[in-house]
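In Swiss-Prot this protein carries:
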- Gly10, Ala11, Gly12, Lys13, Gly14, Thr15, Arg127, Thr136, Tyr137, Gln199: ATP binding site (BINDING)
- 30-59: region 'NMP' (REGION)
- Thr31, Arg36, Ala57, Leu58, Val59, Gly85, Phe86, Pro87, Arg88, Gln92, Arg160, Arg171: AMP binding site (BINDING)
- 126-163: region 'LID' (REGION)
- Cys130, Cys133, Cys150, Cys153: Zn(2+) binding site (BINDING)
Amino acid sequence: MNLILMGLPGAGKGTQAEQIVAKYNIPHISTGDMFRAAMKAETELGLQAKSFIDKGALVPDEVTIGIVRERLSQEDCIKGFLLDGFPRTVAQASALEEIMKDLGKKIDYVLNINVDSGLLLTRLTGRRICKECGATYHLEFNPPAKADVCDKCGGELYQRSDDNEETVANRLDVNIKQTKPLLDFYEELGYLQSINGEQDINKVFADIDVLIGGLA
């Protein structure tokens, strides 16, 4: 099974990715992991990526796509993979189609975890972190026993500056605008599957499981 996982920040992508790879024993491939592995192995493309990252520049598409091609050609991807964080643009998605064709494979599903942006705002702005031990809480979903105090060490809880409402709302807006052309592209190809991410975590996975179970 060859899957792509999509979803806005706060949609619960990471949790679902963990459950998918655990059950189906396929590699979870994120852009960051691919870059790190290629740089560590000092492949030609890995060294090229490193030169851009070290300068704080964006890695060009041709380098990123080359690294993706190398990764998807590896033995552990024979039975399938879960791509996370790639592609980000229609140009990258088109390049991925070419890679899959060259490998004699195809993408089975693009799983988009759908959550209303208002709920995402609540999820993302409610996070609080302990200044002392780094424990994470959520005002609505996982509140501390005593307001603003860590249950574990008694430290003070704070909100990260990039978790404030205005910053989060802007981040979501940018993500929605960037993601829409990609979703349209995959809908046209017939790959796109929308998953209701507003349900309980286990119910979200149950819906994914029903969908992809036949591919195993």
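Cβ atoms here come from the backbone N, Cα and C positions, even for glycine.
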Cβ contacts of Arg160 (AMP binding site) (under 8 Å, same chain, 6 or more positions away): Arg127, Ile129
Rounded distance in angstrom between the Cα atoms of Phe86 (AMP binding site) and Gly14 (ATP binding site): 14
Binding-site residues compared (Gly10, Gly12, Gly14) - the one with the fewest other Cβ atoms within 10 Å: Gly14
Fewest Cβ neighbours within 10 Å, where candidates are the binding-site residues Arg88, Arg127: Arg88
10 Å Cα neighbourhood of Cys150 (Zn(2+) binding site): matching binding-site residues from Gly10, Gly14, Tyr137: Tyr137
Around the Cβ of Val59 (AMP binding site), the count of other Cβ atoms that are within 10 Å: 17
Cys133 (Zn(2+) binding site) to Gly14 (ATP binding site) - Cα separation in whole Å: 23
